[in-house]
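Straight from Swiss-Prot, the features:
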- 14-34: transmembrane segment (TRANSMEM)
- 40-60: transmembrane segment (TRANSMEM)
- 77-97: transmembrane segment (TRANSMEM)
- 100-122: transmembrane segment (TRANSMEM)
- 130-146: transmembrane segment (TRANSMEM)
- 153-173: transmembrane segment (TRANSMEM)
- 187-207: transmembrane segment (TRANSMEM)
- 215-235: transmembrane segment (TRANSMEM)
- 252-272: transmembrane segment (TRANSMEM)
- 275-295: transmembrane segment (TRANSMEM)
Amino acid sequence: MATRLSDLFGNSRIIAGLLVNLLSSICIVFINKWIYVHYGFPNMTLTLIHFVMTWLGLFICQKMDIFAPKSLRPSKILLLALSFCGFVVFTNLSLQSNTIGTYQLAKVMTTPVIIAIQTMYYRKTFSTKIKLTLVPITLGVILNSYYDVRFNLMGMIFATLGVLVTSLYQVWVGAKQHELQVNSMQLLYYQAPMSSAFLLVLVPFFEPLTGDGGIFGPWSFLALFMVLLSGVIAFLVNLSIYWIIGNTSPVTYNMFGHFKFCITLLGGYVLFQDPLSLNQGLGILCTLTGILAYTHFKLAEQEEGKSRLTQRP
């Protein structure tokens, strides 16, 4: 009886964690888009608020012994903090300038770029099956972007820069975690305030401080509430991702990611009336097929690697 109650409690915690991640990951996209469309809130300032809220959330977490901070030299994570700024700023600019469908599909291109970076600069090898899955992923993104009736050059530039900087950031995060022997929360705890400091210096040069569109402008209570809510949700996204990776299998995490991808796309078309042509639909289907194939082959290779290790004498 005690075992069954323990299993039930454990499953309930996992379901709750997945639900928090689902709601926060989807809400952050829609709320940010809503803030850009209806209030025109400055992008870099919103990113700065996200960083500050994330650090405050992590500070509370470490006080509650959810994780133990590890002392790190600022010089060791300087480049990582800069790339973190670029990754979030350009990703948000892509969301601001593109439809949610194009924004979501552009993010998928992070996988092919990471593979290219790891192949060229880290001498990492990938199987032919993995490389072939990049064809439908890339083709689908191109199809969707080409037939997007709201296509704009600046949006594509922001999306491209977002993909490049995000890919570099993700590669460097993995390398730094291994080099410094820290987990993602310990790294983010030091990285978030450094990134906040960088943006605090840059914001006055790129965005107005007062008047319409400025951080100290005449914002309504609802606009400020939405911005603060966005910051809280940004923290929940980071926290729930860390929790899911630590408490579920890679299959659960990846399959759940595909579910969120589809829900976010659907929500963009429903909430913001983003137009969807037949060719765009084919592009989305093509990309999703590539993502599923990539996940299947990647997980199969990981399981094969584990079985080889266990079979060694």
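Cβ atoms here come from the backbone N, Cα and C positions, even for glycine.
The stretch in closest packing with the transmembrane segment (14-34), judged by the count of Cβ pairs under 8 Å and taken from 40-60, 187-207, 215-235, 252-272, is 252-272. Listed by sequence, the residues of this chain that lie at least six past the ends of the transmembrane segment (100-122) yet keep a Cβ under 8 A from its Cβ atoms are 29-30, 33, 91, 94, 130-131, 134, 137-138, 140-141, 144-145, 148, 150-151, 155, 159-160, 162-164, 166-168, 170-171, 261, 264-265, 267-269, 272, 274, 276, 280, 283-284, 287, 291, 294. When Cβ-Cβ distances under 8 Å to the transmembrane segment (130-146) are tallied for each of 40-60, 77-97, 153-173, 275-295, the top count falls to 275-295. The list of residues near the transmembrane segment (252-272) in space but at least 6 beyond its ends in sequence, with Cβ under 8 angstroms from a Cβ of it, reads 18, 21-22, 25-26, 29-30, 33, 37, 99-101, 103-104, 108, 244-245, 284, 288, 291-292, 295, 299. Under the criterion of 3 or more C-beta pairs below 8 Å, with sequence separation of 6 or more, the transmembrane segment (77-97) and the transmembrane segment (187-207) qualify as touching. Panel annotation: around the transmembrane segment (187-207), residues 42-45, 47-48, 51-52, 54-55, 58-59, 62, 67, 69, 72, 74, 77-78, 80-82, 84-85, 88-89, 173, 176-177, 180, 213-215, 238 of the same chain, lying at least six beyond its termini, place a Cβ under 8 Å from a Cβ of the stretch.
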